[in-house]
Amino acid sequence: MAPTPDELIAPSAPILLFDSGVGGLTVLDALRRHLPQAPVIYVADNAGLPYGTKSEAQIAARVSGLLGRMTERLRPRLVCIACNTASTIALSSVREVLEVPIVGTVPAIKPAAAMTQTGVIGLLGTQATIRQAYVDRLEHEFAAGKRLLRHGAPELVEAAEAKLRGLPVDSRLIARAVAGLRDQQGGDRIDTVVLACTHFPLLVQELGEAFGPGVRFIDGADGIARRIAFLTQGQEFSRNTEDLALFTSGDGIAGLEPALHQRGLMRIAVF
Ligand code: DGL
């Protein structure tokens, strides 16, 4: 679909960032660094969280339906699916039905393959993400000759949601996720870990301590923000304080207010 001519885009037209929960805030942080003036509406499908334990059919139906409704209602200039699970499953079908540019989230296997010295890369994602053919294709294309060890870690989604609420992170959840990679054959040689779920960069400090020295982490947030900045080049942005907002499908935002306010998300509404 051809992008809408820039002159037809109202300066107040938002960028819609979508995730199942608060993970996409890691993408919002990067986006705010690249495009501080952009009006952004963050849409969280809290009522559907977690996506990672759902089937492909459930996720595809939920994401297409929800983004269809929200695009009609909010008229965004661009939609970013700031969720690896939703992107690896539903990106192409959403692109077929929505008439706005869509930016997806791709597990950062390509840069990880360029970074690794030992040739062993770990990938932490949701259970739904790590089994996708999309990930097989990335591995085949960019990490041939390397070893990619995958682990589905739903416990990290739970830990990240808790951390953002200011609750203590249960170190057993972190240890379980780390063991899920380290205990695989060759896991002791992992030196690069792809955080293939937008929730996980929120736990990079805890993960770094648990993996120990010599392990580097990579995620897609900055690359996504750069892609959005590129696609909106030449467009005008204007926003007032009301133009950074969070829409949630459920009441799962209790305790998140300080983290949301800190990011300028002052207007919070249930859709
Ligand atoms: N943040 C989502 C992702 O990037 C997953 C969280 C969930 O399981 O809903 O995959």
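The backbone N, Cα and C atoms fix where each Cβ goes, glycine too.
As annotated by TrEMBL, active site, proton donor/acceptor applies to Cys83, Cys197. Residues or ranges marked as substrate binding site in TrEMBL: Asp19, Ser20, Tyr51, Gly52, Asn84, Thr85, Thr198, His199.
In the three-state DSSP classification, Asp19 (substrate binding site) falls within a strand.
With all protein chains in the displayed structure included, the most crowded Cβ environment within 10 Å among the active-site residues Cys83, Cys197 is that of Cys197.
Neighbours of the substrate site: apart from Asp19, Ser20, Tyr51, Gly52, Asn84, Thr85, Thr198, His199, residues of the same chain with C-beta atoms within 8 angstroms of the site's C-beta centroid are Gly21, Gly23, Gly24, Pro50, Cys83, Ala86, Thr126, Thr129, Val157, Cys197. Of the recorded residues, Gly52 (substrate binding site) and Cys83 (active site, proton donor/acceptor) place their C-alpha atoms 10 Å from one another. Every protein chain considered, the tally of other Cβ atoms within 10 Å of the Cβ of Tyr51 (substrate binding site) stands at 28. When other Cβ atoms within 10 Å of the Cβ of Gly52 (substrate binding site) are tallied across all protein chains shown, the result is 23. Cα-Cα distance from Cys197 (active site, proton donor/acceptor) to Thr85 (substrate binding site): 7 Å (rounded to the nearest whole number).
Across Asp19, Ser20, Tyr51, Gly52, Asn84, Thr85, Thr198, His199, which the record gives as binding substrate, the greatest C-alpha separation is 12 Å.
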